[in-house]
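As written in Swiss-Prot, here are the features:
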type: BINDING; residues: Asp21, Phe22, Asn23, Arg36, His59, Cys60, Gly61, Arg62, Arg118, Arg151; note: substrate binding site
type: BINDING; residues: Lys201, Glu323, Gly353, Gly354, Asp355, Thr356; note: ATP binding site
Amino acid sequence: MVFRTLDDVDVLGKRVLVRVDFNVPMALGKVCDETRLVRHKETLVELQKRGAKLILLSHCGRPKGKIEPEFSLRPVVSVLEKIINQPVAFAPDCIGSTVQVAVEALQNGDVLLLENVRFYAGEEKNDCSFAGALAHNGDLYVNDAFSVSHRAHASVEGITRLLPSYAGRSLQGELQALEKGLGNPTRPVVALVGGAKVSSKLFVLNHLVEKVDTLVIGGGMANSFLAAQGIHVGKSLCEHTLMETVKKIIKKAQECHCTLLLPVDVVVGFRFEKDAPHRLYDIGDIPEEGMILDIGTRSIVHINSVIDKAATLVWNGPLGVFEMPPFDKGTIAVARHAAERSLTGRLVSIAGGGDTVFALNHADVANDFTYLSTAGGAFLEWMEGKVLPGILALMQP
């Protein structure tokens with residue numbers, strides 16, 4: 001994948017519209033988590049040092065095309081100033097005369113944050129006139145937000161038809177890391193897919209069996225794969241209406257010479273709650289009243305042995321109900337094993353998705369993986385093999 005970056009453009013004195021993702025959690029008008037802001041530091045500091053006039057575009061929350069004060073980006077200003085060690089001006093709108101006046105006042109190296117682009121319905125509709133109003137205040141455009149690049153929105157895709165467009169450093173780093181995962185990986189490649197439902201990851205599973213050497217299935221979706229092979233799963237979460245679909249995925253994996261790895265033993269609980277009574281069972285012995293809530297000890301050993309032989313690991317989704325101890329043990333054990341191999345340079349590990357990030361933080365290994373994507377929907381669509389609208393616009397002709 002070849003795309004245009006900041007190395008390909010002179011930004012001195014240029015009005016640079018930068019699409020960032022400042023969709024951060026807030027409480028009582030204060031930012032609660034700075035993680036997403038920090039991810040943009042490299043791009044913003046570089047542009048500032050190179051003498052660009054920075055105009056930042058972002059959404060926050062889901063205001064549905066109207067002004068909702070609780071979704072204002074104003075609280076971001078003071079936090080961002082500390083992160084980039086630079087004053088940040090704020091415009092109470094993202095288009096119109098107020099913004100134009102603020103942009104005209106910018107000097108080289110200045111930073112201006114515009115108000116939430118989703119206060120206008122034209123943003124999510126990818127309206128060309130709204131995209132034009134955004135583009136009016138810039139000479140060129142930089143996308144630094146992989147997490148929104150699956151959205152064909154005005155500030156992500158529409159604007160790229162109107163201005164020369166480039167990838168920022170955060171986006172560039174993410175794309176290069178993901179390329180190591182599935183684009184041009186070192187083999188053998190293992191994908192570990194967990195989570196509750198097969199239905200939410202059908203496209204992911206169908207794509208992965210074509211791309212990886214081993215596909216490990218965990219979490220609630222493993223129950224559907226077990227059931228499709230005639231294994232009784234008791235009261236476990238299971239999508240019985242998808243049995244034929246699951247069988248087709250199993251068949252496709254065989255045709256693509258992709259090894260499918262399912263649990264061989266499981267932790268069964270008898271109530272769906274923290275510290276519920278539980279026992280370890282082989283998959284052929286699951287009691288009628290039981291629910292599969294985690295993978296068992298032999299399954300952990302099997303998965304870790306597959307990871308030992310892998311050069312690349314792509315992970316999305318927990319292996320059990322990790323938010324309810326003690327049913328987090330499987331996820332923690334495998335995560336720590338993968339992290340240890342990553343730290344010693346024996347494994348390239350790429351992980352992403354909201355629950356996955358939470359699970360790896362819970363296991364205290366999030367910083368030990370080769371790359372951890374905080375993008376949710378964008379990461380899943382990448383795993384499906386889709387070319388994201390916001391990325392397509394940056395690719396070299």
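Cβ coordinates come from backbone N, Cα and C, glycine included.
From a predicted model like this one, the values you see are computed outputs, not experimental measurements.
Annotated features, which come from Swiss-Prot, shown on the structure.
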residue: Asp21; record: substrate binding site; contacts (Cβ under 8 Å, 6+ apart): Arg36, Arg39, His40, Ser58, His59, Ala145, Ser147, Val148
residue: Asn23; record: substrate binding site; contacts (Cβ under 8 Å, 6+ apart): Arg36, Ser58, His59, Cys60, Gly61, Ser147
residue: Lys201; record: ATP binding site; contacts (Cβ under 8 Å, 6+ apart): Val193, Gly195, Met221, Asn316, Gly317, Leu380
residue: Glu323; record: ATP binding site; contacts (Cβ under 8 Å, 6+ apart): Phe358, His362
residue: Gly353; record: ATP binding site; contacts (Cβ under 8 Å, 6+ apart): Asn316, Gly317, Ser373, Gly376, Phe379, Leu380
residue: Gly354; record: ATP binding site; contacts (Cβ under 8 Å, 6+ apart): Gly376
residue: Asp355; record: ATP binding site; contacts (Cβ under 8 Å, 6+ apart): Gly195, Gly317, Pro318
residue: Thr356; record: ATP binding site; contacts (Cβ under 8 Å, 6+ apart): Trp315, Asn316, Gly317, Pro318
Problem set entry | Max CA-CA distance, Å, over listed substrate-binding residues Asp21, Phe22, Asn23, Arg36, His59, Cys60, Gly61, Arg62, Arg118, Arg151 | 18
Problem set entry | Nonlocal neighbours by CB distance (under 8 Å) for Arg118 (substrate binding site), same chain, sequence gap 6 or more | His59, Cys60, Gly61, Arg62, Pro63, Lys64, Gly65, Phe71, Glu124
Exercise. If you draw a 10 Å sphere on the Cβ of Gly61 (substrate binding site), how many other Cβ atoms land inside?
Worked result: 16
Problem set entry | Annotated ATP contacts Lys201, Glu323, Gly353, Gly354, Asp355, Thr356, maximal Cα-Cα distance (Å, integer) | 20
